[in-house]
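Participant: Okay, handing you the structure first.
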Amino acid sequence: MNILVINCGSSSLKYQLIDMKTEEALATGLVERIGIEGSILTQKANGEKYIVEEAMKDHQDAIKLVLAALVDKDHGVIKSMDEIEAVGHRVVHGGEKYAASVVIDEDVMKQLEECAKLAPLHNPPNIIGINACKALMPNTPMVGVFDTAFHQTMPEKAYLYALPYELYKDHHIRKYGFHGTSHKYVSMKAAEAMGKDIKELKIVNCHLGNGASVSAVKNGESVDTSMGFTPLQGLVMGTRTGDMDPAVVTYLIKELGYSASEVDDILNKKSGVLGVSGVSSDFRDVEDAAWNKKEHRSNIALDMFVYRVKQYIGSYAAIMGGVDAIVFTAGVGENSVEMRESILEGFDFLGVDFDKDKNKVRGKFAEITKEGSKVKAFVIPTNEELMIAKDTLALV
Ligand code: ADP
């Protein structure tokens, strides 16, 4: 039984065809520059790379080429589209409506359009992707898996903003949280690694990629997370500010003459480690500038990033009344030995007995605290695609 997992961005699309018997990806691929000159599809399967450079005017064209690549006589992994049992779609925002994945029908599509108002940058491409798939595979069941769903267990005191209550009631302004699929996956893996029931554990997950968030998972449920109404709140990210005084926004508009959309652009695309360092949004470039070229702004950008992650770990330990495990995942979390070391430095007061040598790993599972450490720390590569495929399989 094969499940196709689709993750649609505005001009890109990531996909995986997963064999659910082995839970291994038969093929993984990335389509870039959809609707822009120079469209390109790169598929990895059977240990080889297959590249298709062909104009794609929209997502439907892109998905047509994805399906063609999957069934390609020489480079494909299946004989016909019938071998795709179902499609799982990553959907960024499910609003308050979805606390779990759902089979997509007309009703769900309407709700997703509603949620698009809450996530204008993220949901529209997801919807376009679903429609494109439906047009090309009308008889294949489709499932929506939401980034927000796992965090729907947060209590009111965590998800409400201290705004006039009507703004929540009438306009749904609240914290939703994102990266839920990843937070759920790595907390399950952490419990497995500890040989304990997740219902007995307090876990802090640090999903540190270009977009980054921390979550507090108590007894298997998300009780708080650092991202908010949108993925802008919380940590210092590749290009996003994360937490700051909201009065900066009105100051930029009223005193400095920026328009609302310019402010949006600054906060989402020109801030974070990119904005502070002036070098790059890519942590590898900023680490290089900070450590090898000794550039102050890059150093301070990394310090700010680490400082904020520490703040969240401490605060989540406080709200959960302790912590049993701290998990690192995503690009930076899985790969940056130095960032993990800096983040965990000084957490011995909490019971973290950090192991410098065990921490020297990149991109694979590792326990990075010493034997007997009261609080355990792990590197756990995330696998959102597998999680989406599992939910899809369960529903179809
Ligand atoms: P997203 O899915 O949010 O785009 P990823 O989880 O793919 O992000 O993470 C991308 C980030 O991970 C990039 O900023 C990249 O620099 C960083 N990264 C990848 N490998 C390393 C490494 N070896 N050391 C430090 N950072 C790394």
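The chain as shown is numbered from 1 upward.
Even glycines carry a Cβ here, placed using N, Cα and C.
Pulled these features from TrEMBL for this protein:
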BINDING   Asn7, Glu384  Mg(2+) binding site
BINDING   Arg90  substrate binding site
ACT_SITE  Asp147  active site, proton donor/acceptor
SITE      His179  site 'Transition state stabilizer'
SITE      Arg240  site 'Transition state stabilizer'
Participant: Taking only the Cα atoms, work out how far His179 (site 'Transition state stabilizer') lies from Arg240 (site 'Transition state stabilizer'), in Å, as a whole number.
Facilitator: 15
Participant: Restricting to the chain of Arg240 (site 'Transition state stabilizer') and a gap of 6 or more, list residues whose Cβ falls under 8 Å of its Cβ, or answer none.
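Facilitator: Set apart from Arg240 (site 'Transition state stabilizer') by at least 6 residues yet with Cβ under 8 Å, we have Gly211, Pro231, Leu232, Leu267, Asn268, Lys269, Ser271, Gly272.
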Participant: Arg90 (substrate binding site): which of the recorded positions Asn7, Asp147, Glu384 is the nearest Cα neighbour?
Facilitator: Asn7
Participant: Using Cβ-Cβ distances, find the residues under 8 Å from the residue listed as 'active site, proton donor/acceptor' that belong to the same chain and are at least 6 apart in sequence, listing them in sequence order.
Facilitator: Arg90, Val91, Val92, His93, Gly94, Phe178, His179, Gly180, Thr181
Participant: By the DSSP assignment reduced to helix, strand and coil, which category contains Asp147 (active site, proton donor/acceptor)?
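Facilitator: Assignment for Asp147 (active site, proton donor/acceptor) reads coil.
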Participant: Can you tell me the three-state DSSP label for Asn7 (Mg(2+) binding site)?
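Facilitator: It is in a strand.
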Participant: Look up Glu384 (Mg(2+) binding site) in the DSSP assignment and report helix, strand or coil.
Facilitator: helix
Participant: Any idea what DSSP makes of Arg90 (substrate binding site), helix, strand or coil?
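Facilitator: It is in a strand.
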Participant: Could you say which of the recorded positions Arg90, His179 has its Cβ with the most other Cβ atoms inside 10 Å?
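Facilitator: That would be His179, with the highest Cβ count within 10 Å.
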